[in-house]
Amino acid sequence: MTSSSASSTPTRPSPSPSPFAPSRHRRKVAPAAASPAPAAAAAAARHLLRCLHLRLRLLLLLSLPTLYFLSPSPAILPRSLLADFLSAAAFFCALLLLLCLSLPRLPFPLPFPLPLRRPRRSPILWSIGSSPSASASAPTTGHFVQVYSNGDVYEGQFNRGRCTGSGVYYYYMSGRYEGDWIDGKYDGYGVETWARGSRYRGQYRQGLRHGHGVYRFYTGDVYAGEWSNGQSHGYGVHTCEDGSRYIGEFKRGVKHGLGHYHFRNGDTYAGEYFADRMHGFGVYSFANGHRYEGAWHEGRRQGLGMYTFRNGETQAGHWQNGVLDTLSTQNIIPGSPIAVNHSKVLNAVQEARRAAERAYDVPRVDDKVNRAVASANKAANAARVAAVKAAQKRMPNNGNDLPLSVVRTPAQRERASCCRRQLIELPHGAPCIRCAICGAVTYVAAAAPPPAHGDPARGAAGPGAVAPQHQAPGWGPPPPPAHGRKRAVICGISYKFSRHELKGCINDAKCMRHLLTTRFHFPDDSIIMLTEEQTDPYKIPTKHNIRMAMYWLVQGCQPGDSLVFHYSGHGAQQRNYSGDEVDGMDETLCPLDFETQGMIVDDEINTALVRPLTPGVKLHALIDACHSGTALDLPFLCRMNRSGQYVWEDHRPRSGVWKGTSGGECISFSGCDDDQTSADTSVNF
């Protein structure tokens, strides 16, 4: 092998390698620098002779049957048909082989390309230094925050890149989980809270409710007992909002087995259940003193049984679909189809009584449930502590999470990593902030202390400097100072990219602004627009921003001021427990983040907008939402009856609490009554 050198002394080149040598040897040997033509010609000649030698042997082998086919046969010996066929086949094969060998070397061009195989050569691998190897990234362990592409956020402990330990998982616009984790799943104790108000506290296994726990439904129902694979399974207690209660066995989420049920009207049933219905033997005691003992089928009296009235009279026999169709007798004719032996009915009654006794003796799991709830609360507290620790750090980006922007200075305003909306200025010392629209989290790398008044970067504080105002309810600057005789707050929420999306609310808000500015001459700077289309984060219709806008509207109101509050979006109702509602329900407004932050109740709206109105101030409110009849909780309500006359209703609470103004005037126009719903427009804006 030759090697290049800086010396001027020539070196003798080595012979060229054989063309039949493996390609790796040809890559390692450098070509000779002197007289390359004779060596190449000799190599080509040897290669040609070797190819001809191999192909001639094959040609001779195939030509033997052809010679036999072409040779004249003597008349004495008969020719074999099989031999003739083989000879013909061999002849055509030889002819085809000759064509394949000769056509590529003909001088004239061919009208079609020939699919010739070329020998595959092993690829050349180039490397620098050591051989390449897949370097796996180090596992992520510790307290971190991870934001997922669907808007969910996890804050807590990680082990090798998986959620393990204690942590809090925020579901985008739907709820959260606080508790123990193992390998990316709920496992241990925890608390699960959903936006509509449902909550579970208890045990988990492999991401499902399993063990003992309490589930409180948003409707007011409560189940406390055993769980298996995410469903109520075992012994438990189901208490309904209306006062009814079931204690007994459950199977796969429904009543199944032995149990007793106390109805809200005073009736009780104790016995067997099947697939959430009374089925088998049981005893049903009515509140008026009547009682049925016997067989049941899918919630109805069916089979043998006895009905006892409170005066002692009885009806016994065979029941069908809740009605007695065949009476029982002491002595019957054998084979009679219209009578039932009374002894069989008594046996069925005894079976029903035994089933009722066993139903009242089902094991109670109250102590185990209480211990599980206490452990779940402790796990939730530990998860919150882990979430606080995780908020101080920044998780490295991987393929599954969103990029998290880092705020370098507290005064710097950046954009959210997902929706790119401009974020607010963080208070000094605040570790992070979550965007109200997309849920993306922005973190502070190193929050510097606030500069002094004489800091040259900020300018010295002169005599006319005003101390910054601090807003108590949450982050953000105070609302702009109220000015002008006419002010308005216009809120339009479309709930875009959610299952609650509306089409015409933002257009309603724009039309209302146009009406106020052109017809009633409201100044542009005296109107606050709260819609999702706003770029200012303080003008997004979140719960906090709507509350601050309501406070701004009535701030410093004076006689002669004209105020307007317009809301277009979703409205709802929730049960009232203070007794100040005629129908027992509170009316609510649904802000953009109502699934995580809650709704705005009519009591709060009344406190913010109605009570501060002083004499000489007039407020007009227009609420275009479902269940908006008494959204401002005013003391008097005006309706129009069928004859076209106005009828006033007194809605003042019985407790004597005053819901009116402080001398001003408030008029509210609602889109529908408290018990009605409104429809969205069918036009796409």
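Quick reminder: no glycine exception, Cβ is built from N, Cα and C everywhere.
Nobody curates TrEMBL annotations by hand; they come from automatic prediction.
The range from 236-266, 453-483 that TrEMBL describes as region 'Disordered' is residues 453-483. Cross-referencing 34-55, 56-77, 606-627 with TrEMBL places the feature transmembrane segment at 56-77.
Mean pLDDT for the domain 'Peptidase C14 caspase' (485-682) in this predicted model: 87.
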